[in-house]
Amino acid sequence: MGENQTMVTEFLLLGFLLGPRIQMLLFGLFSLFYIFTLLGNGAILGLISLDSRLHTPMYFFLSHLAVVDIAYTRNTVPQMLANLLHPAKPISFAGCMTQTFLCLSFGHSECLLLVLMSYDRYVAICHPLRYSVIMTWRVCITLAVTSWTCGSLLALAHVVLILRLPFSGPHEINHFFCEILSVLRLACADTWLNQVVIFAACVFFLVGPPSLVLVSYSHILAAILRIQSGEGRRKAFSTCSSHLCVVGLFFGSAIIMYMAPKSRHPEEQQKVFFLFYSFFNPTLNPLIYSLRNGEVKGALRRALGKESHS
C-alpha cells in the first residue's frame, strides 16, 4: 500500500440519509426481512438435508444458493441495521476490504450457481435418459466448487487492485456497506484499471450467465411443449418458472446497478437497487421455491407430519 494510504484507518458509512423516525421504521422492517431471510433459507437447507427425495442435483445446487443468500445477507445487513440505529457508523479499513471481498465473492458465485441450475434443468428436461450419466455427483460437486472458487478469485483480484490505491482524502462512504464503486470514489488516484476490471467482470457475470440461461430455457420451453402428459408439463413449468423468477430478480437488479448509465440513477437511488440485489432477493428466493415448487412443499408437509406424530 502507498505511504499516504495508511492515513485512513477507517471509513464512515453514511447509510440512508433520512430522518430519525423513518430510520427507526426501516430498522424494524429490515430486521423482519433479515429474520425471514435466515429462517427461509435455513428451512430450505434443512428440508434438503433431511428429505432423501430432495437429494438430487437440482436441490444440491439450490442448497448452495441458500448458503450464498445466507452468507451475503449476514455480510451486509447487520452493518446496515447498525447504521440505522447509529448513523455514520465507522468501519475499519481492514473490515471494509473484507466486506467488499465477501460481497463480491458471494455475488459472483451466485451468478454461476444460477447458470448451473439452469443447465441442470436443461439436461433433466431435454435429455432425461442421459441425466443420471451427465449430472453425476462428482460433476455436481466439481461445478459447485468451481463456481465458489471463480467467485472468490475474481473478488480477490478486485480487492488487491483497491489496496494499490491511496486513500488519504474523504473517508465517508455514501452507502450502507462497503460497496466497491462507493469505495473507489474515495481513492486519491486514477481508478481506470479498477473500472476496466469491473467492466470485464460485468460482461462475464452479468451478460454471459443470463445469455446462457436464456439459451437453456429456450430449449427447455420447446421440450416442455412437446410433453404429452399434462401433469408432466405442469410439473416442468412449475419448477422452471420458479428458477426464472429468481434469475430475473437477481440479474435484473444487478444489471441496473452495474451496467446502466450512472447519470440515470443517483447515489440514493442506487442504494434502493442494492436493497433488491442484496436484501430482498435472498428473502424472496425461499418463498419463490417453496410456493411454486411441489417437491419442496411436499417435503415441508412430510417434515411437519413427522413433527406432529413424534
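Just so it is clear, glycine is given a Cβ too, placed from its N, Cα and C backbone atoms.
Swiss-Prot lists CYS96-CYS188 with the feature disulfide bond. Around CYS96 (disulfide bond), the C-beta neighbours below 8 angstroms that are at least 6 residues distant in the chain are GLU10, PHE11, ILE173, CYS178, VAL183. In the three-state DSSP scheme, CYS96 (disulfide bond) is classed as helix.
Annotation comment: Swiss-Prot describes ASN4 as N-linked glycosylation site, evidence class sequence analysis.
Per Swiss-Prot, the feature topological domain 'Extracellular' maps to 1-24 (among others).
Same-chain neighbours of the topological domain 'Cytoplasmic' (49-56): 63, 295-296, 298-299, 302-303, counting only residues six or more beyond its ends whose CB sits under 8 Å from a CB of the stretch. Look at Swiss-Prot and you will find 49-56 (among others) tagged as topological domain 'Cytoplasmic', backed by sequence analysis.
Residues 8-16, 23-24, 26-27, 30-31, 34, 159, 162-163, 167, 172-173, 176-178, 183, 279 of the same chain sit 6 or more residues outside the topological domain 'Extracellular' (79-99) yet have a Cβ under 8 Å from a Cβ within it. Annotated topological domain 'Extracellular' per Swiss-Prot: 79-99 (among others), in sequence order, evidence recorded as sequence analysis.
Counting only same-chain residues 6+ beyond the ends of the topological domain 'Cytoplasmic' (120-138), those with a CB under 8 A from a CB of the stretch are 57-58, 60-61, 216-217, 219-220, 223-224, 236, 239-240, 243. Swiss-Prot lists 120-138 (among others) with the feature topological domain 'Cytoplasmic'.
Among the features that Swiss-Prot reports, topological domain 'Extracellular' is placed at 158-195 (among others), with the record citing sequence analysis. Long-range Cβ contacts of the topological domain 'Extracellular' (158-195) within its own chain (Cβ-Cβ under 8 Å, at least 6 residues beyond either end) map to 1-5, 7-8, 10-16, 75-76, 79-80, 83, 88, 91, 93, 95-97, 99-101, 103-104, 201, 258, 267, 271, 274, 278.
As annotated by Swiss-Prot, topological domain 'Cytoplasmic' applies to 219-235 (among others), with the evidence given as sequence analysis. Confidence across the topological domain 'Cytoplasmic' (219-235), taken as the mean pLDDT and rounded to a whole number, stands at 77.
The topological domain 'Extracellular' feature in Swiss-Prot is assigned to 259-271 (among others).
Residues or ranges marked as topological domain 'Cytoplasmic' by Swiss-Prot: 292-310 (among others).
Note on the transmembrane segment (25-48): residues 16, 18, 54-55, 59-60, 62-63, 66-67, 69-70, 73-74, 77-78, 80-81, 84-85, 279-280, 282-283, 285-287, 289-290, 296, 299-300, 303 of its chain, located 6 or more positions outside it, place their CB under 8 angstroms from a CB of the stretch. Residues or ranges marked as transmembrane segment by Swiss-Prot on the basis of sequence analysis: 25-48 (among others).
The transmembrane segment annotation in Swiss-Prot covers 57-78 (among others).
Marked as transmembrane segment by Swiss-Prot: 100-119 (among others).
Annotation source Swiss-Prot lists transmembrane segment at 139-157 (among others), citing sequence analysis.
The transmembrane segment feature in Swiss-Prot is assigned to 196-218 (among others); the stated evidence is sequence analysis. Away from its own ends, the transmembrane segment (196-218) comes close to residues 107-108, 111-112, 114-115, 118-119, 121-122, 154, 157-158, 161, 180-181, 240, 244, 247, 251, 254-255, 258-259 of its chain (Cβ-Cβ under 8 Å, at least six residues beyond either end).
Among the features that Swiss-Prot reports, transmembrane segment is placed at 236-258 (among others).
Sequence-distant contacts of the transmembrane segment (272-291), counting only residues of its own chain at least 6 positions beyond either end whose CB sits under 8 Å from a CB of the stretch, comprise 30, 33, 36-37, 40-41, 43-44, 62, 65-66, 69-70, 72-73, 76-77, 80, 103, 107, 175-177, 179, 242, 245-246, 249-250, 253-254, 256-257, 265, 297, 300. Sorting each residue of the topological domain 'Extracellular' (158-195) by its DSSP state yields 15 helix, 2 strand, 21 coil. Counting every protein chain shown, 15 other Cβ atoms lie within 10 Å of the Cβ of CYS188 (disulfide bond). Long-range neighbours of the topological domain 'Cytoplasmic' (219-235) within the same chain, counting only residues 6 or more positions beyond its ends whose Cβ lies under 8 Å from a Cβ of the stretch, are 121-122, 125-126, 294.
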